[in-house]
């Protein structure tokens with residue numbers, strides 16, 4: 001008797017569903033990051049961290065463009081909540097920046113820490129399925145994750161952990177991000 005051994009845990013249909021889920025949620029996340037930094041820069045453009053925020057925003061614009069290309073390539077529609085996420089993220093950016101540079105950087109730390117963990121979870125899922133099939137996506141997500149974690153470190157270097165009520169602020173922001181991720185994975 002012969003046994004067929006498969007490395008991948010997914011059928012073709014479930015593999016496509018996995019790719020769609022990852023691209024849809026990551027597009028939403030990169031859209032959110034783009035809007036957060038736009039909101040922060042609207043408030044802090046002339047400040048000591050204005051150029052730092054601008055640099056991170058430029059990188060997020062490139063990340064969003066990458067996700068737009070992946071969505072088009074794999075025919076993945078954006079989450080229907082994109083307009084809501086866009087407004088909420090811009091408001092988060094403005095609101096965190098109104099707390100000063102520490103507030104803006106606390107927001108960066110909270111978001112980028114969670115997104116780094118989220119990218120790691122996705123990478124593990126793709127590796128468990130089939131590294132060869134997902135080679136291109138693994139390379140892209142690894143690069144994006146590394147750049148997001150660099151943003152996290154930038155937030156730490158620029159006193160984000162000194163923001164008023166840092167722990168509460170971080171918890172609120174990460175809870176909101178987790179909710180957005182859960183929604184975008186499905187819709």
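Note: Cβ is positioned from N, Cα and C throughout, glycine not excepted.
The Cβ of residue 21 (NADH binding site) lies under 8 Å from the Cβ of 185, 186, each on the same chain and at least six residues away in sequence. What Swiss-Prot lists as NADH binding site is 21, 186.
Secondary structure at residue 63 (Fe cation 1 binding site), as computed by DSSP, is helix. Residue 63 (Fe cation 1 binding site) counts 22 other C-beta atoms within 10 Å of its own C-beta, drawing on all protein chains shown. The Fe cation 1 binding site annotation in Swiss-Prot covers 30, 60, 63, 148.
Marked as Fe cation 2 binding site by Swiss-Prot: 60, 112, 148, 151. All chains included, 24 other C-beta atoms sit within 10 angstroms of the C-beta of residue 60 (Fe cation 1 binding site).
Swiss-Prot lists 28-187 with the feature region '2 X approximate tandem repeats'.
If you look up Swiss-Prot, you'll see 28-99 marked as repeat '1'.
Taken from Swiss-Prot, the feature repeat '2' covers 100-187. Per-residue pLDDT, averaged over the repeat '2' (100-187), rounds to 96.
What Swiss-Prot records for 1-8 is transit peptide.
Rounded to the nearest whole angstrom, the C-alpha distance between residue 112 (Fe cation 2 binding site) and residue 63 (Fe cation 1 binding site) is 13. Sorting each residue of the repeat '2' (100-187) by its DSSP state yields 76 helix, 0 strand, 12 coil. Separation of the C-alpha atoms of residue 60 (Fe cation 1 binding site) and residue 151 (Fe cation 2 binding site): 10 Å, rounded to the nearest whole number. All protein chains shown were included, and the count of other CB atoms within 10 Å of the CB of residue 30 (Fe cation 1 binding site) stands at 22. Take the mean position of the Cβ atoms of 60, 112, 148, 151, the recorded Fe cation 2 site; other residues of that chain with a Cβ within 8 Å of it are 33, 56, 59, 63, 108, 111, 115, 147, 149, 150, 152.
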